[in-house]
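**Student:** A single structure is presented below for examination.
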Amino acid sequence: MQLYTYLYLLVPLVTFHLILGTGTLDHGDALTERRSTDATALKPEPVLLQKSSARSTNDNGKDTQMKRILKKRGNKARGEEELAEKAPEFARELAN
């Protein structure tokens, strides 16, 4: 009876020791290699952040392009040239 009790307790301990100690499962697949390849396969590729040429910001993250545009326009909401260019479009929209 004592032999069966020792085997009952010993077999799971030996099994877990072999699995965790050697890092292998059945068919000799290594746990550590599989995890590392799976982890690298799931990692997204690094995205290179580039500042858009349309927007430029200062060190505080404020939009400096809008500042320049407003300064050039004289702090008007829209430039006179821009209104003159879009006048036919506005007229068409109002007519519809």
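Cβ coordinates are placed from backbone N, Cα and C, and glycine is handled just like the others.
Annotation source Swiss-Prot lists compositional bias 'Basic and acidic residues' at 77-96. Under the heading 4-carboxyglutamate, Swiss-Prot lists Glu81, Glu82, Glu85, Glu89, Glu93. Annotation source Swiss-Prot lists site 'Important for selectivity' at Lys86. The annotation site 'Important for activity (Pro and hydroxyPro)' is assigned in Swiss-Prot to Pro88. Annotation source Swiss-Prot lists asparagine amide at Asn96.
I'm curious about the neighbourhood of these features; can you describe it?
**Tutor:** Residue density at Glu85 (4-carboxyglutamate): 10 other Cβ atoms are found within 10 A of its Cβ, drawing on all protein chains shown.
Classification of Lys86 (site 'Important for selectivity') by DSSP places it within a helix. Counting only same-chain residues six or more apart in sequence, none has a Cβ lying under 8 angstroms from the Cβ of Lys86 (site 'Important for selectivity').
Packing around Glu89 (4-carboxyglutamate) is summarised by its Cβ count: 9 other Cβ atoms lie within 10 angstroms of its Cβ, all protein chains included.
Taking the Cβ of Glu93 (4-carboxyglutamate) as centre and 10 Å as the limit, one finds 9 other Cβ atoms among all the protein chains shown. Glu93 (4-carboxyglutamate) falls within a helical segment according to DSSP.
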